[in-house]
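See structure below.
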Amino acid sequence: MNPSFFLTVLCLGVASAAPKLDPNLDAHWHQWKATHRRLYGMNEEEWRRAVWEKNKKIIDLHNQEYSEGKHGFRMAMNAFGDMTNEEFRQVMNGFQNQKHKKGKLFHEPLLVDVPKSVDWTKKGYVTPVKNQGQCGSCWAFSATGALEGQMFRKTGKLVSLSEQNLVDCSRAQGNQGCNGGLMDNAFQYIKDNGCLDSEESYPYLATDTNSCNYKPECSAANDTGFVDIPQREKALMKAVATVGPISVAIDAGHTSFQFYKSGIYYDPDCSSKDLDHGVLVVGYGFEGTDSNNNKFWIVKNSWGPEWGWNGYVKMAKDQNNHCGIATAASYPTV
């Protein structure tokens, strides 16, 4: 991403005068820069520092309110600390919403008693948390996660699959590499192509290469199509319980999500329709002793293990389809 673009956007959102910086935060700022290996030009650093300080104040205020019982989740400074929320949404969130579903419709099992909690990470279905970098390829990570789970269900072997294969090769199905895409389009590419390479044979580069380097001899998975789940949390719950990890899209464009750390994520401003980020539901559960309260979805993100709850987020469950978690859910068939 061009640093000059970031600076231009930033300058539009901050007063033209030099920002007033808090000298008491000097040590924290230098430690954050060292941790995240940030190097700036002379003209950019104070603007980045101003954004970082603004984000830190938002985080500190939220956590103070959390300690007073006003929120159910904590926030923390992370690698996105020097990014405005506008930059964050442009760079990290690459899901492109679609109005018309193309897959088979999920038929909810009628005679199945679904458990009150499920966690597929404990059953061997889920690979370690990955990092999409500054590339809007969240859709590819969501798609590989769902297919990794279904292939494990079929073969008993967990193999990390290639997101770069999807980024480079699925444009004919409607995806746009680092500029966004859809999980269903990824599943369609895998069906059309006949297979998908492993992560080991086709490693992730976090960029558009403008060439497809798929190797048939390195094929590690395939699918026969995909299934779209009705836009209801009960249907999603049954799918997660009976099928495995499910690809979903959410509204992840809020500062509260950008700096989420732990607890059950709930933001009243979160939309159930304006979706911008593909993730993977790997289970669900509840906190405390009452299974009817404090319910959450276990969601695997693709921003590295340092973000959130070891790379995961607990998202509020049965709260009117909060953040649209059931709006665009699907999984591949194998």
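Glycine is treated like the rest: Cβ placed from N, Cα and C.
As annotated in Swiss-Prot, Cys212 shares a disulfide bond with Cys169, one of the listed residues Cys138, Cys169, Cys178, Cys270. The disulfide entry in Swiss-Prot for Cys135 points, among Cys178, Cys195, to Cys178. Candidate recorded positions: Cys138, Cys169, Asn222. Nearest to Cys323 (disulfide bond) by Cα distance: Cys138. With the fewest other Cβ atoms inside 10 Å of its Cβ, the least crowded of the recorded positions Asn222, Asn301 in this structure is Asn222.
Checking each of the recorded positions (Cys138, Cys212, Asn301) against Cys178 (disulfide bond), the C-alpha distance stays within 10 Å for Cys138. When the recorded positions Cys169, Asn222, His277 are ranked by how far their Cα is from the Cα of Cys138 (active site), His277 comes first. Listed in sequence order, Ile250, Asp251, His254, Phe257, His322, Cys323, Gly324 are the same-chain residues six or more apart from Cys270 (disulfide bond) with CB atoms under 8 A from its CB.
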